[in-house]
Amino acid sequence: MKRRNLLRYTAIATASTATLAACNPSTPPTTQSSVINLSQPLIRWRMATGWNKSLNVVFGAIDRFCQRVSQATNGRFSITPYEAGDLASALEVMDVVSDATVECGYTAGYHYIKKHPAFGFSTSMPFGLNSQQHNAWLYSGGGLEALQKIYSDYGILFFPGGNTGAQMGGWFTREINSAADLKGLKMRIPGLGGEVLKRLGVEIFLHQGKDIFKALESGEIQGAEWVGPYEDEKLGLDRVAPYYYYPGWWEPSTMYEIQVNQAAWNQLPKEYQSIFQSAAVEANLTMQSQYDAVNGEALERLTLKGVQLLSYSPEILQAAQKEAFALYEDTASQNAGFKVVYEQWKAFRTQAYRWNRINDLDFASFAFSQEM
């Protein structure tokens with residue numbers, strides 16, 4: 001697929017009933033379905049995912065994506081999503097897509113930064129872009145083009161497929177008041193956020209979601225980040241770690257992605273490719289609306305149960321930001337692919353921050369502080 005086609009997602013989605021139907025997820029698209037007839041091939045794909053159905057917002061988004069594709073093709077192109085562990089472990093999704101064990105997968109790019117550090121840009125970068133800025137960079141700021149050059153080396157196309165919005169700053173069994181309190185701390189945290197904390201003296205663990213509660217309860221770790229109030233409450237993390245911190249500076253935006261084996265993609269009819277792209281846009285843009293609707297209520301429940309909501313000190317935030325950009329500069333000096341994406345991302349970040357600081361921040365600082 002030509003690189004410029006990656007930037008056609010938004011235009012495709014605007015014209016597609018599949019994406020317009022995001023207002024009512026139960027409504028099947030009809031416009032694109034009319035162009036799919038019985039002359040089109042029957043195609044059955046399997047999708048490995050990094051999550052279980054217990055994460056109903058995340059797994060629900062990809063399940064709805066698969067339904068969209070099937071509906072829009074009159075059932076002639078179907079994709080079946082499997083829970084983590086069925087086709088691959090949560091941290092092996094990219095591997096089975098790359099080697100064509102499955103045709104596609106649903107995962108988070110930052111799980112694979114050991115393969116290539118630039119994969120962190122697809123999911124989230126510490127002190128990086130918020131979800132609005134992230135979408136702007138990917139769809140309209142050259143982000144998709146820059147990252148696709150990296151993914152192509154692994155025989156993969158990637159598509160934004162959902163965003164949680166800004167995540168919380170983790171659960172802890174003791175208070176974290178200063179940078180000194182981080183030294184020797186054992187914490188579950190993936191991605192580049194973990195690499196930054198490692199530079200601040202934290203020992204990093206990569207437990208899967210289902211194992212976090214037990215690890216905190218047993219004392220194996222003293223801190224863990226997961227997603228946000230809604231998902232964290234379902235894991236019961238408030239029962240084993242009473243201190244809940246914000247902001248989640250390591251994930252100001254968390255974008256999950258649909259990965260497709262390049263050879264499998266090339267075999268799809270172009271109509272199927274367009275439908276796939278449209279459904280991916282819908283998944284990406286609707287997941288955060290669901291999280292924004294449920295996180296506030298979940299946070300209220302948690303605080304009523306006695307959770308202590310605490311903010312990171314300016315000292316910790318400043319130390320973490322300094323180490324984050326030192327890490328980026330070090331990595332850019334050692335990895336040419338990372339350097340290309342980083343420089344493009346950094347320039348976009350500077351411009352986006354300047355604009356949002358002038359308009360959005362002033363409004364938020366006033367409006368969000370008002371009690372009505």
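Yeah, the Cβs are placed from backbone N, Cα and C, and that goes for glycine too.
As written in TrEMBL, here are the features:
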- Q167, R188, E225, E251: substrate binding site (BINDING)
- W226: Na(+) binding site (BINDING)
- 1-21: signal peptide (SIGNAL)
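Its Cβ placed at the centre, R188 (substrate binding site) has 24 other Cβ atoms within 10 Å. Cβ crowding, taken as the number of other Cβ atoms within 10 Å, peaks at E251 among the binding-site residues E225, E251.
DSSP classifies W226 (Na(+) binding site) as coil under the three-state reduction.
Following the DSSP three-state reduction, the secondary structure of Q167 (substrate binding site) is coil. Using a 10 Å radius centred on the Cβ of Q167 (substrate binding site) and all shown protein chains, the other Cβ atoms total 26. A C-beta separation below 8 Å, combined with a sequence spacing of at least six in one chain, links W226 (Na(+) binding site) to W171, G209, I212, D232, L235, L237.
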